[in-house]
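As given in TrEMBL:
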- C101, C104, C141: Zn(2+) binding site (BINDING)
Amino acid sequence: MSPNTPASLKAFLNERGFRLTPQRQVILHIFQTLSQGDHLSAEDLYQILRRQGERISLSTVYRTLHLMTYMGILRELELAEGHKHYELNAPNRHQHHHLVCVQCNQTLEFESELIDRIGSKQAEIEGYHLLDCQLTVYVICPEAMEQGWSHTLPRDWICSRSMQSRHVAQSLSQLESRLENGSESADQE
């Protein structure tokens with residue numbers, strides 16, 4: 001259950017030994033009113049709260065985001081290097097993935113049955129049960145290209161992502177081989 005009203009959030013929190021504070025209620029409301037595809041960092045959320053005249057500290061914002069993520073109310077995403085973003089965890093929402101511009105952090109959501117199938121198949125091969133499948137693709141958006149931004153990754157991204165990239169590339173190569181070898185049997189099921 002992912003609460004989407006103040007009453008359901010209050011019941012949800014009370015069942016787990018927490019209270020519905022005014023701060024938690026305001027933060028939930030902000031996420032509920034976001035356009036689909038919008039994500040907020042703690043700092044983004046804090047700025048919105050300040051503009052609305054709310055007197056909530058940044059540490060309270062972080063604690064509330066952590067609690068709501070832990071309870072499954074929000075989803076935590078690492079869309080930009082070292083920056084976590086959050087979105088409402090809607091239970092009936094399709095799996096989706098993200099294109100993130102490495103220059104301006106513009107984020108675009110997309111859906112891909114192929115990526116979902118690959119994630120599901122890899123989980124099955126390893127004996128796991130898939131809960132979620134997210135892929136973040138780092139790009140340079142058209143606006144950044146028009147402004148002359150480089151077509152290469154910033155140096156700090158290269159250093160921090162190189163180990164991850166090698167592991168991901170190796171895993172994808174192995175998975176692709178497995179899918180090719182088992183694609184006929186998977187299609188017949």
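Just so it is clear, glycine is given a Cβ too, placed from its N, Cα and C backbone atoms.
Apart from the site residues C101, C104, C141, the chain places the Cβ of V100, V102, Q103, N105, Q106, V139, I140, E143, A144 no farther than 8 Å from the centroid of the site's Cβ atoms, the recorded Zn(2+) location. Cβ environment of C141 (Zn(2+) binding site): L99, C101, Q103, C104, Q106 lie under 8 Å away, each six or more residues apart in the same chain. One residue stands out among the binding-site residues C101, C104 for having the most other Cβ atoms within 10 Å of its Cβ: C101.
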